[in-house]
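The Zn(2+) binding site annotation in Swiss-Prot covers HIS36, GLU186, and the record cites similarity to another entry as its basis. Per Swiss-Prot, the feature disulfide bond maps to CYS69-CYS177, CYS194-CYS202; the stated evidence is similarity to another entry. As annotated by Swiss-Prot, pyrrolidone carboxylic acid applies to GLN18. According to Swiss-Prot, the signal peptide annotation covers 1-17.
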Amino acid sequence: MDRVVLMLSVLSLGVSSQPITDGQRLFSIAVSRVQHLHLLAQRLFSDFESSLQTEEQRQLNKIFLQDFCNSDYIISPIDKHETQRSSVLKLLSISYRLVESWEFPSRSLAGGSAPRNQISPKLSELKTGIHLLIRANEDGAELFPDSSALQLAPYGDYYQSPGTDESLRRTYELLACFKKDMHKVETYLTVAKCRLSPEANCTL
């Protein structure tokens, strides 16, 4: 118990000097963290797009629409209606898997600026927070029965040395997928948090 309280205190980062015992408050911290990551992902993607020529943007967007993110292999709600029908535990489980899938690829986003270097540690903190929420909602014994199938490849041959055009495509893909997945996690955690308030309107 003392260990859990310590972890919650670290996650709060000064939000409160007292141990966090209320699930609603822990959800608020997790939602705040993923909102920060989503905004950061949007900014990084926007900055990268701004550095491209108009034709490069058009071609890369066209290619991305025909491609898939690695995390697409993680089964998740197909629309807002299915999201709203999903249980809190299911939304937490999917969020955990999405965040976990970025632990290794996020290293390629680091470097060049302070915000970029914050991504990996913030993902790690978010993952810890979601895991605590999962433990509070379930014993976790059979939470990830198919986890062995979720060893996603780190975006194929992304870490090899490509030519200039291929490097642009891979960077575009990485940033676009990161933005997409952080939006998903933000949505799932927001809906799950709302479920703790029976009188709240959780409509997306």
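Just so you know, glycine gets a Cβ as well, placed from its N, Cα and C.
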Cα-Cα distance linking HIS36 (Zn(2+) binding site) and CYS177 (disulfide bond), given in Å to the nearest integer: 16
Spatial neighbours, same chain, of CYS69 (disulfide bond) - Cβ under 8 Å, 6+ residues apart: GLU173, ALA176, CYS177, LYS180, ASP181
Disulfide-bonded residues compared (CYS177, CYS194, CYS202) - the one with the fewest other Cβ atoms within 10 Å: CYS202
Structural state of CYS194 (disulfide bond), classified by DSSP into three states: helix
GLU186 (Zn(2+) binding site): secondary structure state under DSSP, collapsed to three categories: helix
Intrachain C-beta neighbours of HIS36 (Zn(2+) binding site), sequence separation six or more, cut-off 8 angstroms: LYS122
